[in-house]
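Q: Provided herewith is a single structure, encoded as structure tokens, for subsequent inquiry.
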Amino acid sequence: MAPSGSRSIKRGCQRVLYWIPVLFIAVIVAWSYYAYVLQLCIVVYLLAYHAIFIMFVWAYWRTIFTTPMNPLKEFHLSHSDKELLESENRGESQQEILRRIAKDLPIYTRTNSGAIRYCDRCQLLKPDRCHHCSVCDKCILKMDHHCPWVNNCVGFSNYKYFMLFLAYSLLYCLFVTATDLQYFIKFWTKGLPDTQAKFHILFLFFSASMFSVSLASLFIYHCWLVCKNRSTLEAVRAPVFRHGTDKNGFSLGVSKNFRQVFGDEAKYWPVPVFSSLGDGCSFPTCLVNMDPESPTGSNSASKSAAEGRHQFPSKPLRESQSRLLTSTPSWSETESAADKERKGATNPGMTIENEA
């Protein structure tokens, strides 16, 4: 068999295996519904139960089937740039090509060595907070992690759904545990009739209480990440800016950090619909010591530092919902001013990063 055929079969088997955790969760949820509604059947609680159940399943569905967003075409190398990069064997020449492309983009993060972050598998310059997922084999905007329980990458496009999934699944487990507790006690005191429902009551309480513990710890951790405006990857390895590593580089304060994920309109916060701010390719930053080669320029950063104000990066590449960025000039509009300031200056060297 041809090697390409073997790889296709292997990829197909992997895709099937990746759905096993999702099917496991689906079976547990379906059984819990049967046990609670048909076996336990506490009529007075059924209305609240179904409200929580519907929001839980809705958020879980959106987390699974929302396609992760990839970098815009502006970050991809053109055909001519690809050919030019491949034709150059010298590192210096390749660095010049990457510098020429990167100078027009709102990129502030760097590799540990201070280079522009470049993905040679996707052949693009990585936007801030973007990472290459080895499972999906593509670059994901504001990648948090690849979650096997949803068989999907959690990133900019579905992080809000993931947070709501954790919240509603935790609420679901706590509700089932609390309402099943009195019957669980009766089970041990022989106060329940000897029927099939006894098994469901016992197992329902144990499974709901155990899932509550794990979900509570995970939900609290991600709430902390939202308040700090960090992804899971950034919590493990802090982002590197031109002046060095800064774990709080994207933090704007708890309120703005929260609104970046959930949006400005409170009525959409508890609903699994997209309301996050921005386009996923550029993000405001609290840094006052901005990259002197960035489109915003070094003078504006120094002025903000003197005035004690937060410095934000320029607008996203396209008009979006981000109200955190409306007061700043477009990165394309400030490019010419920044170019004038950089005349005569020598750009530091850059290397290519492979995070595939």
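Including glycine, each Cβ sits where the backbone N, Cα and C put it.
Under the heading transmembrane segment, TrEMBL lists 16-36, 42-61, 161-179, 199-221. Residues annotated as domain 'Palmitoyltransferase DHHC' in TrEMBL: 116-236. Positions annotated as region 'Disordered' by TrEMBL: 294-356. Positions annotated as compositional bias 'Basic and acidic residues' by TrEMBL: 306-321. Per TrEMBL, the feature compositional bias 'Polar residues' maps to 322-335.
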Q: Same chain, outside the transmembrane segment (16-36) by at least 6, Cβ under 8 Å from its Cβ: which residues?
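A: Beyond its ends, the transmembrane segment (16-36) has Cβ neighbours at 42, 49, 53, 56-57, 60, 64, 135, 148-151, 176, 180, 200-201, 203-204, 207-208.
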Q: Counting only residues 6 or more past its boundaries, what in the same chain has a CB within less than 8 Å of a CB in the transmembrane segment (199-221)?
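A: Same-chain residues near the transmembrane segment (199-221) but 6 or more away: 28, 32, 34-36, 39-40, 163, 166-167, 169-170, 173-174, 176-177, 180-181, 183-184, 187, 192.
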Q: Same-chain Cβ contacts of the transmembrane segment (161-179) under 8 Å, 6 or more residues past its ends?
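A: Hits for the transmembrane segment (161-179): 32, 36, 42, 45, 48-49, 52-53, 55-56, 59-60, 62-63, 66, 144, 147, 150, 154, 204-205, 208-209, 211-212, 215-216, 218-219, 222-223, 226, 261-262, 270, 272.
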Q: Could you put numbers on the helix, strand and coil content of the domain 'Palmitoyltransferase DHHC' (116-236), residue by residue per DSSP?
A: 67 helix, 16 strand, 38 coil
Q: State the mean pLDDT for the domain 'Palmitoyltransferase DHHC' (116-236).
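A: Here the predicted model's pLDDT, averaged over the domain 'Palmitoyltransferase DHHC' (116-236), is 92.
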